[in-house]
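Pulled from Swiss-Prot, these are the features on record:
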BINDING   119, 123, 124, 125, 370, 371, 372  (6S)-5,6,7,8-tetrahydrofolate binding site
SITE      227  site 'Plays an important role in substrate specificity'
MOD_RES   228  N6-(pyridoxal phosphate)lysine
């Protein structure tokens, strides 16, 4: 990573970048929503594309001089369509939350009912949490998981849908280790006349690799982030499998009168000028690069290894007496309920950080602790797999995590963390990342 100019011009920021580079290269990243982009993606994101304003869409901009950023955006859109096998893509959302906001704004009016997975059961803020716009502008109702299994019960989903009759059902999660039955969700939505949105921000990379069920044929809208398992730059995206007339009946004037706008037209207008102005063209260029990478055969090998590593870790944790919510994992993550280990999520996160392992504390279903403490931790394998780690490494990592958690209430905990940190550093240095070396 070439930083010689930054070092000369701004030593304080340079130092922060150096320290973050050391953290990423010499400690173990197990946060399920994080990954490492390629050097090509980073170069695109750090390119002259960052200088260009480009309000509007390719061929229909409000600014001149957009002919080359148009190329980048068209590449991103075309590659995403091929990757997800969809007919419509908007690559301009700055984040997954922005993408979700655009969808909700495009089909709902304030006060309309929505239904999504409860945040404390593994959902996301934008699926109806009362602290988020989605729970403040709309009447939000939440489905959850069964206490006995930790899994979503479609009978419970249907019962709630019939009771509250939402206009939009959201299926997706940020801390749920099983898959979603998109076909069953669509059948429920159709029976009550609701629209269906899939938020696949977490498993998108596994979905395009064919390792999890595809939401595009079943859902009216599909949103995702472009990082996480897709391994691109931080950003969002909206997709549709097919177009249809917008349900709000928004019209547009024509030479002969007016017509109802198609949903894709409404969606584009909701992203810009609805909730955003100028798109981040350097990030869109990075998205285009990442989508090309995900279209290569080796990306499926990567995604398959992500899933294998997660399965091995889940099995190893279970053998050591840990409780995994839902009983295991079918994707890239797992949620550990630490209550039988007499350690809360906050303590575990802090001790593992001290030991060179980055995870995040996370509420578990029916948690009796606050979101700032929690009873669990969330663990994911995308970043470690990008480094080239495999099943044997996964088992070793679980053993190291167990050493730290088991020592949490003992006088030896600091020594244990220090020794584990040394082992983690050695493991990480055995799996270096191309392009992450500092070259001032």
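Placement of Cβ uses the backbone N, Cα and C atoms for every residue, glycine included.
Swiss-Prot feature annotations superimposed on the structure.
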residue	record	contacts (Cβ under 8 Å, 6+ apart)
119	(6S)-5,6,7,8-tetrahydrofolate binding site	125, 127, 128, 129, 142, 363
123	(6S)-5,6,7,8-tetrahydrofolate binding site	116, 117, 129, 142, 172, 173, 174, 176
124	(6S)-5,6,7,8-tetrahydrofolate binding site	100, 116, 117, 172, 173, 174, 199, 201
227	site 'Plays an important role in substrate specificity'	33, 34, 35, 37, 233, 234, 235
228	N6-(pyridoxal phosphate)lysine	32, 33, 34, 35, 201, 202, 204, 205, 382
370	(6S)-5,6,7,8-tetrahydrofolate binding site	none
371	(6S)-5,6,7,8-tetrahydrofolate binding site	120, 363
372	(6S)-5,6,7,8-tetrahydrofolate binding site	346
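Other Cβ atoms within 10 Å of the Cβ of residue 125 ((6S)-5,6,7,8-tetrahydrofolate binding site), summed over all protein chains shown, number 16. Among the record's (6S)-5,6,7,8-tetrahydrofolate binders, 119, 123, 124, 125, 370, 371, 372, no two C-alpha atoms are more than 17 Å apart, and one pair sits at exactly that spread.
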